[in-house]
Amino acid sequence: MSMLRIWSCIVHFFSVQALDSRIKPDIEFKRRQRIFINSSKEENGSSSSAVTVTRNPVLSSNSPSPPLWNTWEFRLYYLAFTVVVPFMIKAALATSSESNPNYYKFSGLLAHGWILGRKVDNSDPQYRFFRSNFFLLAILILLQIILKKVFVKFSKIPKTKFDFACGLVFVCFMYGINSVKLFTHAFIFFTLAHSLKRKRLIAAFAIWSYGIFTLFINQKMKNLPFNNIAIILSPMDQWYKGIVPRWDFFFNFTLLRLLSYSMDFLERWHEQLSRQPSIDYDDRRPEFRKSLSGSTLQTIYESGKNVLEEKERLVAEHHIQDYNFINFIAYITYAPLFLVGPIITFNDYLYQSENKLPSLTKKNIGFYALKVFSSLLLMEIILHYIYVGAIARTKAWNNDTPLQQAMIALFNLNIMYLKLLIPWRLFRLWAMVDGIDAPENMLRCVDNNYSTVGFWRAWHTSFNKWVIRYIYVPFGGSNNKILTSFAVFSFVAIWHDIQLRVLFWGWLTVLLLLGETYITNCFSRYRFRSWYRFVCGIGAAINICMMMIINVYGFCLGAEGTKLLLKGIFNNSHSPEFLTAVMVSLFIAVQVMFEIREEEKRHGINLKC
C-alpha cells in the first residue's frame, strides 16, 4: 500500500463523513459542480482544463476559499503545534505526578490500573459504572444480536415484536422491580396521547406538562419505598432491584422517547384527520383501518433507490395502526439505545425496523467499530496518566502554575467529552449491527469548537435534532430566536439535572449564543475583506475561553471550584505572560479549525458547526 493511500485512509478515518452516513455532499453542490465542470470544458475545449471547486464562481459567496494547508502561514502554525501541544501534555502530566506536592490529596481516589503498573483515575461515578460493567454489557450485546437474528430468521416474527419482548426483559434485568415505576410513566403517556388525540393542543400541553413533572417527581421520589405507597406492596421492597438501582438516572433519555412517540402519533393522527374530514375517525373501526392501508404503506416501506432520507423518515406516513402499544413499548425499551441513546424518533425507528438502510454495510460498521475501540483506548491512556478528575474533586491544585491549572480544566472537559462519547458510540455500534442507524452524537472533538452555536449543534447531535423537531420549530424557530433559545436551553438544563447551577449554565449559554449571533451579523458584511479571517480568529479565541469557563462551571467544578481555579490562573505573577500565550495559541488553533471546515466545504460538506 502506497504512502498516499495510507494517508488517504488516515484522513478519512478522522473525517466527519466516516462518522455518519447522513453527512454527504448535498444535491445542489453536486449539480453546481457539474455545471461548472461542463462550462469549463466548453470554454477550454478540453476536459483536461484545470478545475477546482475552490475557485468555482457558480458557488458565489458560499464557495470555500483556496486551500491554505501549504502556505507559509500554516507552516508556522504546524511548528507552533509541535511545540505547544507536547508542552500542554507535559503540564497535565506534572499535575498528576507523584512528585507533585498535592499528590497526597487525591491519591486516595486512584485505583490499581492495568497499563504498565500505573494507577487509574476511576473517581468519576458515571464512567466507573460503565467501566466496571463493560464486560457484562459486551455479553448482553452479543446475546441480544444473536437471539434477534435467530428468532427473526426462523420464526419470521416482525422485528418490533422481538424488540418488544427483548425490551421488557432488558428493562427488568436493568431496573428490577423499579421497572414498574418506569412502565407506570409510560402507560400514562400512552393514555394521554390516545385519550386526548382529538384535541391536539390540549393533548400536547398535557403530555409536555406531565413529562416535565416526571423530572421533578423522580428527583423527589426516586427512592420511595413501595411500602409508602401501600402496605400491601411492602414485599416488593425486598425484590430484585436490578444492576442499576438508580432507575431514575437514565429515565431522562426514556422521557425523550416518550415525548417523541406522543408527538409523532398526534401529528400523524391529525394529518389523517385533515385529509379525510368527512370520516368519523376511530382507530378501532375496521373501515378506518382499511381506509388507511394501501398506497401509503407501499410508499414508505420501499427499499433500494427510493429509501427515505433522514428528514423524510421523521415525518414518514406510517399506518395509524402502527402507533400501537406493542410498537410503543418496543421503541421506548429498544435495548441498544435504551440507556443513553443516541436518540432516534419513533417514526425513524419504525421505518428502519422495516427497511435496512444502505449505509449499514459491513465495511461501514467495521470502520465505526475501529473508532469505538480507539476512543476506549484513548480514554484508558488518559485515565492512567492524567488524574485531573481526582484533582478536581479534591481541588488539589495549590501552587500549581497557571498553565497546569488551565490543563486541569481543559483535560477535565476532554474526559467529560470522552465519558459521554464512548457509551454513545458503543450503543450506536450495537444498534448499527442490529439494523438501526441512529445519528452520531459527537460530530466534532470537544477541542475542535470555537462557536457556541456550532458547539451546540455538534455536541449531543441526536438530542439537538430532537430539540429542533419538538421544541425549536414549534416555538417559531429563527423567527422568534430569543424565546426559542430560552425555551430550548431551559428545557435542556432541567433535563440534564434539576439544579440551579445547571439552569444558570443554560441561561449563560443563551446569553453567549445571542452575543455571538449579534457580533457575527455585525461583521458578516466584511467577510470578503482580507483581515476578516484574522478578526474572527481573535473573537473565536475569546469565545473558546468563555465556553470553557461556562462548561467547567456547569458540569465539572461548580461555582466555588471554578472561582478557585480562575483565581489561581489570574492571580499569579506569571498570569499576563500566560494569558498572552493562551490567546496566541487559541488564535492559531482557530485558524486550523476554520481551514478544516473550508476543506469540508470543498467536498460539498457544510455542517454549520
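Just so it is clear, glycine is given a Cβ too, placed from its N, Cα and C backbone atoms.
Per Swiss-Prot, the features are:
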type: ACT_SITE; residues: His496; note: active site
type: SIGNAL; residues: 1-18; note: signal peptide
type: TOPO_DOM; residues: 19-75; note: topological domain 'Lumenal'
type: TOPO_DOM; residues: 97-133; note: topological domain 'Cytoplasmic'
type: TOPO_DOM; residues: 155-169; note: topological domain 'Lumenal'
type: TOPO_DOM; residues: 191-200; note: topological domain 'Cytoplasmic'
type: TOPO_DOM; residues: 222-324; note: topological domain 'Lumenal'
type: TOPO_DOM; residues: 346-371; note: topological domain 'Cytoplasmic'
type: TOPO_DOM; residues: 393-406; note: topological domain 'Lumenal'
type: TOPO_DOM; residues: 428-474; note: topological domain 'Cytoplasmic'
type: TOPO_DOM; residues: 496-502; note: topological domain 'Lumenal'
type: TOPO_DOM; residues: 524-533; note: topological domain 'Cytoplasmic'
type: TOPO_DOM; residues: 555-575; note: topological domain 'Lumenal'
type: TOPO_DOM; residues: 597-609; note: topological domain 'Cytoplasmic'
type: TRANSMEM; residues: 76-96; note: transmembrane segment
type: TRANSMEM; residues: 134-154; note: transmembrane segment
type: TRANSMEM; residues: 170-190; note: transmembrane segment
type: TRANSMEM; residues: 201-221; note: transmembrane segment
type: TRANSMEM; residues: 325-345; note: transmembrane segment
type: TRANSMEM; residues: 372-392; note: transmembrane segment
type: TRANSMEM; residues: 407-427; note: transmembrane segment
type: TRANSMEM; residues: 475-495; note: transmembrane segment
type: TRANSMEM; residues: 503-523; note: transmembrane segment
type: TRANSMEM; residues: 534-554; note: transmembrane segment
type: TRANSMEM; residues: 576-596; note: transmembrane segment
Is it the case that the transmembrane segment (170-190) and the transmembrane segment (372-392) have 3 or more CB pairs under 8 Å, with pairs at least 6 apart in sequence?
no
Can you work out which residues elsewhere in the same chain, 6+ from the ends of the transmembrane segment (475-495), have a Cβ less than 8 Å from its Cβ atoms?
212, 215, 252, 255, 463, 467, 502-503, 505-507, 509-510, 513-514, 517
Counting CB pairs under 8 Å, which listed stretch among 76-96, 134-154, 534-554 touches the transmembrane segment (372-392) the most?
76-96
At a threshold of under 8 Å on Cβ distances, which of 76-96, 134-154, 201-221, 503-523, 534-554 pairs most often with the transmembrane segment (325-345)?
134-154
Short question: which residues 6 or more past the ends of the topological domain 'Cytoplasmic' (191-200) have a Cβ under 8 Å from it?
206-207, 210, 261-262, 265-266, 269-270
Intrachain neighbours beyond the topological domain 'Cytoplasmic' (346-371), with Cβ under 8 angstroms and 6 or more residues off its ends:
13, 18-19, 21, 158-160, 163, 257, 260-261, 264-265, 268, 300-303, 307-308, 310, 313-316, 318, 322-323, 327-328, 331, 334, 425, 428-429, 432-433, 435-437
Per the definition of 3+ C-beta pairs under 8 A with sequence separation of 6 or more, do the transmembrane segment (503-523) and the transmembrane segment (407-427) touch?
no
Looking only at the topological domain 'Cytoplasmic' (346-371), mean pLDDT returns 92
Taking contact to mean 3 or more CB pairs closer than 8 A (sequence separation of 6 or more), are the transmembrane segment (576-596) and the transmembrane segment (134-154) in contact?
no
Counting only residues at least 6 beyond its ends, the same-chain positions whose CB falls under 8 A of a CB in the topological domain 'Lumenal' (393-406) are 87-88, 91-92, 94-95, 100-103, 105-106, 109, 123, 561, 564-565, 568-570, 572, 574-575, 578-579, 582
Under DSSP, is the residue listed as 'active site' helix, strand or coil?
helix
Taking a Cβ cut-off under 8 Å, which residues six or more beyond the ends of the topological domain 'Lumenal' (555-575) line up next to it in the same chain?
392, 395, 397, 400-402, 405-406, 408-409, 412-413, 416, 501-502, 505, 549
Work out, from DSSP, the number of helix, strand and coil residues along the topological domain 'Cytoplasmic' (346-371).
19 helix, 0 strand, 7 coil
